[in-house]
Amino acid sequence: MAERAALEELVKLQGERVRGLKQQKASAELIEEEVAKLLKLKAQLGPDESKQKFVLKTPKGTRDYSPRQMAVREKVFDVIIRCFKRHGAEVIDTPVFELKETLTGKYGEDSKLIYDLKDQGGELLSLRYDLTVPFARYLAMNKLNNIKRYHIAKVYRRDNPAMTRGRYREFYQCDFDIAGNFDPMIPDAECLKIMCEILSSLQIGDFLVKVNDRRILDGMFAICGVPDSKFRTICSSVDKLDKMSWEEVKNEMVGEKGLAPEVADRIGDYVQQHGGVSLVEQLLQDPKLSQNKQALEGLRDLKLLFEYLALFGIDDKISFDLSLARGLDYYTGVIYEAVLLQTPAQAGEEPLGVGSVAAGGRYDGLVGMFDPKGRKVPCVGLSIGVERIFSIVEQRLEVLEEKVRTTETQVLVASAQKKLLEERLKLVSELWDAGIKAELLYKKNPKLLNQLQYCEEAGIPLVAIIGEQELKDGVIKLRSVTSREEVDVRRGDLVEEIKRRTGQPLCIC
Amino acid sequence: MAERAALEELVKLQGERVRGLKQQKASAELIEEEVAKLLKLKAQLGPDESKQKFVLKTPKGTRDYSPRQMAVREKVFDVIIRCFKRHGAEVIDTPVFELKETLTGKYGEDSKLIYDLKDQGGELLSLRYDLTVPFARYLAMNKLNNIKRYHIAKVYRRDNPAMTRGRYREFYQCDFDIAGNFDPMIPDAECLKIMCEILSSLQIGDFLVKVNDRRILDGMFAICGVPDSKFRTICSSVDKLDKMSWEEVKNEMAVLLQTPAQAGEEPLGVGSVAAGGRYDGLVGMFDPKGRKVPCVGLSIGVERIFSIVEQRLEVLEEKVRTTETQVLVASAQKKLLEERLKLVSELWDAGIKAELLYKKNPKLLNQLQYCEEAGIPLVAIIGEQELKDGVIKLRSVTSREEVREQDLKSGQNRDFNIYDGYFIDYWQKWSGTTPFSYKALELNPVSPPLEAAPTRTHRLVFAAFT
């Protein structure tokens, strides 16, 4: 040990010498010589095992969820899951990694963001990038023709967090999808209804759902004169209209992507439009657009969609927006995206900024890519961007200074004097057996004040105090932590009294 | 595309020719010649992209959870989580992978079972092997002196499934731990209480908890004359249930389960379904100052419990519902889609779990069949005549009786607005009542008076749900 300490000291000194030489800009040879000495010393130190212990961080782009963050997360998931269940969805789960082959060729350029597992002699594996490809694999594998399912799980993307503030590499997705051959637009309308229900219930502010259709986009580009080969890249430019002005977008299309200016202008006439069903009807009358078969199909489906959305009572939240173009390559029909109109701005702070909190669309060709016979199963679905919602809810709670409880404990079993541990253990056990959420301090002789303080910090509403005199009288003091009112309750009535006060049904839950 | 199809056809024919020649045992040269032609044709086809698609399996040792399996899983987790919450535990979550260094040196021989991530130019990462090391890392990182927490998540081990039947490489662990300096044995006792509560509530049969102490074992070996160097190996001979690779685990507790034997079947076999112990030295391995935080905890082996519960349900032939839908909105004739959409939307807005078929003009029979298959208890049928009368037919799927035509007139307003609150009102008001079965109500008309309920039929409606 002393040897090692001496060696570590030498390494430290040598390191300082090297740094000093570099600062003084000494000759390259001298520096090289001293660096070599340093490396040799370090090598003698051997693998630095002691250093291994003190790695106290989570991997880049990932984080732990503290109890407080879990409480927020649970609230949000509860709202979302209730909604999915209300609409009759089943739930599935899939492994965190898939065979590498399963994910290959499904994500285009984004494929470089996939986490691979090391080749340890077995199958080549990769962490899932989303929940949609696993879903398609599940459908094909089980030869299912239809299913309505939700799936909530973490996905993994090797994004560069420096470029996109707050972008995690491990994050939750909440997906809901309806797979199957059905009459047009009914499931699509239900997806939008679900999106609206969830965003309303979460109470994170007003929102708007933008709707468009891949076929309308493609048809529009065609009649404007966009060459087939440029469709995708023009698409991603058009999509930037929610962040950039039309002038900037046009410059990008013409200047960077080589699009003819007249073509860009024609596109501009269309993509700056948004509205309700009246815009759909207007475009159905458009002489050029209505000549395009694809666009016509898309427009007709959107018209039907709007009829259903009106019956669902949400048409006022939907906007047909011709600039909505982003999304993964596998969308084949209607596409939609929900944005918050105005995040609650805190005093003196910038609003969180616009951004989508949910998105989705129809993708009829994905399952066919997995089926040996190329059998198609049309799908439509949505994905809720919960990570963003977590931050918004957390922020809102902080602003409202609402205390978030991280436990559900209803009563603390306490003692007023010493040598009452036995009594506390017996009582708390009785409460647990009756289904009451209870705790006790792990101390033989805790001070009453400390026990009361514990309740205040944890937000526990009631405390059942055992005292020597009360034991003789056969009662327990039940105290409300906030009001400090106390009442003596007979031992035999305590369970009922606690249940009554906490609003619990008398049967064991 | 047509070219490719033609080429594929040629490949197929050539393949058949080769097979035919082999069957006829033609000359080796001839076969070789035809095989060469086949390979050449295949090469023309190019990289067979179509073949890539058909990888229809999950990785070795992992599986999907179907809706049915999820229903079982949700039930089991519900029991477990209720118990943890009853004892005042907080909950945390950690990432699925840790820095490789974090896991290094913690698992002894089992380290070779850790899944590593590929070095893609960033940090070296490994999938978590259990939930205890992440917990210790979390405690040290946040400088916590005490916490009572549970954590339910999947862990990853590159076990060889051939050797251990049914052993998964991705599986759930449910951990509960109490960290902190407390008076002796109180938290330890609570952990055992929790284990017993959970195993009782799960109703998977009688169980027994075995308890021992590492210090007693060590002391016993010493006085029996076991050389220090042989302690561990003697230990593992003695303890067949030993899966602990921690040097710091001082206590061992394991649960033996006698599973209820099914008629004519072998019992599932004994095996532990939960285990735990005290481990006082782990956090110190992470703390820069070597600061110790004593811990005691338990881990529930849920995968085994899932199978036991699934088996039990199969034996009891209990139907497991995979959705919670309460009512299907159906139509008796054609051209009633609009009405269905309006009604189902109102039910959703009122918080009722409802569905409709995604067909413009579904047959009533198909709609009823859908209810039977999914276990949906009620169907609300819209019909032309009923629309004119301002009513909806509410029908119990199991009894096939019409519960009763519900009068939905809102009183003064006799127009088309039949959804004007009446139906929904009652639903909301009574959805919180204590459950009564449909039959029980029929027999017992003296059940709690439902204020302002003009007819018994309304009671029947709500009771069937709750």
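Cβ atoms here come from the backbone N, Cα and C positions, even for glycine.
Binding of L-histidine is attributed by TrEMBL to A:Asp130, A:Leu131, A:Thr132, A:Gln173, A:Asp177, A:Arg326, A:Tyr330, A:Tyr331, and the same site annotation extends, among A:Arg157, A:Arg158, A:Arg167, to A:Arg157. All protein chains considered, the CB of A:Gln173 (L-histidine binding site) has 18 other CB atoms within 10 Å.
A mean pLDDT of 89 is what the model gives for the domain 'Aminoacyl-transfer RNA synthetases class-II family profile' (A:37-393). Counting only same-chain residues at least 6 apart in sequence, those with a Cβ under 8 Å from the Cβ of A:Tyr331 (L-histidine binding site) are A:Arg214, A:Gly361, A:Arg362, A:Tyr363. Mapped onto three states, the DSSP output places A:Thr132 (L-histidine binding site) in helix. Remark: secondary structure over the domain 'WHEP-TRS' (A:3-59) totals 44 helix, 0 strand, 13 coil, with classes taken from DSSP.
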